[in-house]
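The domain 'Dystroglycan-type cadherin-like' annotation in TrEMBL covers 12-120. The feature transmembrane segment is assigned by TrEMBL to 280-303.
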Amino acid sequence: YTILSKVHSDRNVYPSAGVLFVHVLEREYFKGEFPPYPKPGEISNDPITFNTNLMGYPDRPGWLRYIQRTPYSDGVLYGSPTVENVGKPTIIEITAYNRRTFETARHNLIINIMSAEDFPLPYQAEFFIRNMNVEEMLASEVLGDFLGAVKNVWQPERLNAINITSALDRGGRVPLPINDMKEGVYVMVGADVPFSSCLREVENPQNQLRCSQEMEPVITCDKKFRTQFHIDWCKISLVDNTKQVSTFQEVIRGEGILPDGGEYKPPSDTLKSRDYFSDFLVTLAVPSAIALVLFLILAYIMCCRREGVEKRNMQTPDIQLVHHSAIQKSTKELRDMSKNREIAWPLSTLPVFHPVTGEIVPPLHTDSYDNTSMPLMQTQQNLPHQTQIPQQQSAGQY
């Protein structure tokens, strides 16, 4: 496909400062700029998305938001203009993308912000509606129904919608896709009369206590909203601008001239050489000398102060040396004798099975046998029931 870009004529809108501004980007408006559907007779329903930005900048102004839930739904620009932009035209570049043909169509939206007569409205109330999404609330009929319900409760002479904010922009979580759950939306309205007694009920200590315990407060006018709007009365905010004391302080600007600090003296271009020998002695030589002295002391203690075997024997009594030597000889003799009995049958005083016949052999000695005079080791010839290992006969005798 050939990627084309077509530009619509500019469109001018005239919102008022401090009043909710809503502009719908209709898909039907841009479908005529894209080629028809490839199959004749079928209705074109191409996915179309929009990109909006302030002319010369990558994003929109801070007061303007944009939302489009799916490529098959219309986009919506909404927000509350500020007083600072009154009289300054704001040019928004709108680019429509056809996701089937990758074509684009573009036009400019010129927002001329007008000043309101009695802006700002002194009494402002912000409601949190739990069963609505922001694009549903921006619909003209839904917003009109909500303002009508508020007007019946408040009874003002003038009532305006000031701003609409999604709960996701206030730190809310994305709802689970079950039971048609909504993300919620904050709606701020302003009026020219004080708050009604019904709205003041949220400030009662009993309702404040119920809200702290995560319980639904008791509001008499809740039934006027409940049929269509589920309002969280614990999150309602009432602002009375007539009682707020302005903390703005006028900034006294000076002449912009720094006080005289004397003649400027830059550093010298020539730097003096510095002797680092003392730094070397402190950082390397001194620790190295201390380590060398400690090494020499340790070497003298370990190598030059050894007593030796001869000095140890001279200081040991003769009877202790003889006793130690006798133990060593006895240990060596026992080890030599244990090597000679490795091929013999094991000796035991417990009943064992005969290795040939399988009969139970009685103990070598009875319990009443006096073994005090018995030598420590016995020879194999004195042991009864000893199995003789057959000797190999010579070939001639066989």
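Cβ coordinates come from backbone N, Cα and C, glycine included.
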Mean pLDDT across the domain 'Dystroglycan-type cadherin-like' (12-120) comes out at 85
Chain residues outside the transmembrane segment (280-303) and at least six past its termini with a C-beta under 8 angstroms from it: none
Helix, strand and coil residues within the domain 'Dystroglycan-type cadherin-like' (12-120) as assigned by DSSP: 8 helix, 42 strand, 59 coil
